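Single-structure report; data block below.
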Amino acid sequence: MDPKAVKSELVLILDYGSQYTHLITRRIRSLNVFSLCISGTSSLSAITSLNPSVVILSGGPHSVHTPDSPSFPDGFLDWAHSNGVVVLGICYGLQLLVQRLGGEVRVGHTQEYGRMEIHVDKPSDLFGNDKVGSKQVVWMSHGDEAAVLPPGFHVVARSQQGAVAAIENLSRKFYGLQYHPEVTHSPEGMETLKRFLFDVCKVDAGWKMEDVMEEEIKVIKETVGPDEHVICALSGGVDSTVAATLVHKAIGDRLHCVFVDNGLLRYKERERVMGTFEKDLHLPVVCVDAVDQFLSKLKGVTDPETKRKIIGKEFICIFDAFAHELEQKLGKKPSYLVQGTLYPDVIESCPPPGSGRTHSHTIKSHHNVGGLPKDMKLKLIEPLKLLFKDEVRQLGKILNVPEGFLKRHPFPGPGLAVRVLGDVTEGNALEILQQVDEIFIQSIKDAGLYDEIWQAFAVFLPIRSVGVQGDQRTHSHVVALRAVTSQDGMTADWYYFEHKFLDDVARKICNGVRGVNRVVQDITSKPPSTIEWE
């Protein structure tokens, strides 16, 4: 998707490293307004080329007093004012506005973190009809504070402790919030964002998934020549399925799908997925058995990043070989590879602004993003790379992808390799995990909970525990169960099962899977953890 071709006004987020930056993007999109996030240190030409109607400066962990702290480029504010672009600074973004325009930011006498109460100080655009003195609870996260405002700015809200909470410069259309309106801990935050976008900025809610589909089809047709062929790697998950359907709609039979059995799939996944591809999706799919190829390369490997890189490289080797076979068959070598990369994949693989690194302090590399070899012979087509998971499901529904596919829980590209902690080839770890995961997921479905949960899976732990089974002492494996609720995978809360459900599942696992005598549940949210364990 080309941001410049989107049939909607763009709200551009300049990212300064806040853990909540992606939420701003997601909240704005939920209002049918297109939003995009780029590095806060992007060049002025990179910003202006996107022609945004609104620019939001995100929060971040930095202080404006720190040498080399990240900032927007010189000339940005003059460009915004002269072109009628509205600017909103959030948290660190507010402090950047104040400092760069000649105000003063100081270390706060009392740092403000967590839920805080603010009150409206004077009539304002940001708070609309809220009366002076009206209060609301917001989420603060700052140590510095605006002490002296630049000319033309006014304080319109303060915290209980008297710190500046919101500022406005009506003549230049520059605004600032010292708190995070995008998080659920600011209950009235979404109303503030709505008022800002629709009443202050006069943005139209014109971004629709139908437009995304039309634009993507247009881009694919323009990218792929009339005689060129494309390979699509199908995993059986939502992302690759929607990507394949979209590309097939654009270029028809010049799309050649391949499903790779790498030995890291879920229980009976190969049989189930191939059946669905043929019966429901009517896609021509070739299944490649590469179990030995993958597992031999993974033997002895325990580092999760190394696993991901190896798997990404092997996938590309297979796709190159598949392309060569097609070349012999078609007399023309395929030029492109389709992948279902999503926006969270891209975000998590990007370097945090102000980190001093040109490469990411990687949360995890995605074989769709960071695990591809530099000498890859196929060019990439990633039609979903600016979409979140729930948006991909919306797109899939428009494309008539079967509902069962769209409701499938996400499955990582590296498969069970990142759910077996340690060497995936050691003993029968993969077999045990497949059986445990099948019991867990089927139990969730039987209980009618599957659609309430964003993702659920089992994890094989590299430890053994002492147990008693059949009146005998055992020294067997431990498995963990993970289930989370989420909207886009960027943040997540653990799912609260009833105790009876957990008790039933644990009994089924310990009685039905040989080699397991202990089941634990993961009850951490994201952050601080990731959803996957590796």
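We count from 1, first residue shown onward.
Using N, Cα and C of the backbone, Cβ positions are placed for all residues, glycine too.
All TrEMBL annotations are machine predictions without curation.
According to TrEMBL, the feature domain 'GMPS ATP-PPase' maps to 207-408. Per TrEMBL, ATP binding site is recorded for Ser235, Gly236, Gly237, Val238, Asp239, Ser240, Thr241.
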Winner by Cβ contact number (other Cβ atoms within 10 Å) across the binding-site residues Ser235, Val238: Val238
Winner by Cβ contact number (other Cβ atoms within 10 Å) across the binding-site residues Ser240, Thr241: Thr241
Residue among binding-site residues Gly236, Gly237 with least C-beta crowding, 10 angstrom cut-off: Gly237
Which same-chain residues, if any, lie at least 6 apart from Asp239 (ATP binding site) yet have Cβ under 8 Å of it: Gly340, Thr341, Leu342, Leu384, Lys389, Val392, Pro410
Taken over the domain 'GMPS ATP-PPase' (207-408), the model's mean pLDDT: 83
Shell of the ATP site beyond Ser235, Gly236, Gly237, Val238, Asp239, Ser240, Thr241, same chain only (C-beta within 8 angstroms of their C-beta centre): Leu234, Val242, Ala243, Gly340, Phe405, Arg408, Phe411
